[in-house]
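Step one of this worksheet: look at the structure below.
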Amino acid sequence: MSQKIESMVKNAFHKSSLRAEFVKSHIIRFSQEDHGVLAHMLLIFRFRSTEDPETINKIIQRVLHEKLQDAVGPPKLHPESVEIKEINKTETDNFLNNCCGTRRNKTTSQSLRIVGGTEVQEGEWPWQASLQWDGSHRCGATLINDTWLVSAAHCFRIYKDPARWTASFGVTINPPKMKRGLQRIIVHEKYKYPSHDYDISVAELSTPVPYTNVVHRICLPEASHEFHPGDEMFVTGFGALQNDGNSQNHLQQVQVDLIDSKTCNEPQAYNNAITPRMLCAGSLQGNRDACQGDSGGPLVSPDARDIWYLAGVVSWGDECGLPNKPGVYTRVTAFRDWIASKTGV
């Protein structure tokens, strides 16, 4: 329903005198009222600072009243119930930062050559964490609420003591935007080295992180959600840019293709090593992949509303960026109930 209402509002402004000023609409939440459901929506515009706020409010209200009369449901909208309230940038940021899966400063340039990737701007992937053992980067992780991270089980195979781990946030490891200790690490009960199956873990931070423009949580997909080949996907990490290379201080990103398990299980690829709890992503031509040090980090994909979801956890692969050897990820939907049972998220 959120997508449908946002689309109706977007169309209303695109057909109005405010088409150039309108940036986006974003449903924050729904509340139950006596005569239906009330949608609380953030509307973002670009106006000159010299514009009169009261006049702007009246124009926005008029556009919504006029244009939404003609909107075809469901849902059935009642434009006469629309109320507009101006909020400042801080309030806007707080609303968006408390929503999962929202991004700032999205790079518009295509990823070029992580292997084959580009550096990331502050706020692009705000859920990315670096996990450090005695101060050295070992793995990536993903923030799923203010106190829990999702990572790979193999990251904690040798290094088990939470007291010697720290998690840092921001696009650089040094200096970080925020840093926290770990107080608890939970590795999936069925993970058994050297198998790559069930390669998932969750880690609890010593104290919660406050959500900001550059640090906040990813959305978790429902267990029933299916990601499809052709879906937009990115993998991010501080890992090496080539096989056996050094970790990077600055976060890297690369766009990858989801590759169906049948193709990934063919003899020239992984020869039936891919279980239903794994997914493959990268390029069969090579050169776009996660690498050493990216383990545990996020493979993410947006929905139609541009809200980002955690699809996979960097797990394993045959070296980095080789033809017919895409990256293999732990399939998050297969462990959605497990994550909820351990973290309450």
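Just so you know, glycine gets a Cβ as well, placed from its N, Cα and C.
All annotation found in TrEMBL is predicted automatically rather than curated by experts.
Mapped onto DSSP helix, strand and coil, the domain 'SEA' (1-89) counts 33 helix, 22 strand, 34 coil. The feature domain 'SEA' is assigned by TrEMBL to 1-89.
Confidence in the domain 'Peptidase S1' (114-344), given as mean pLDDT, stands at 95. Among the features that TrEMBL reports, domain 'Peptidase S1' is placed at 114-344.
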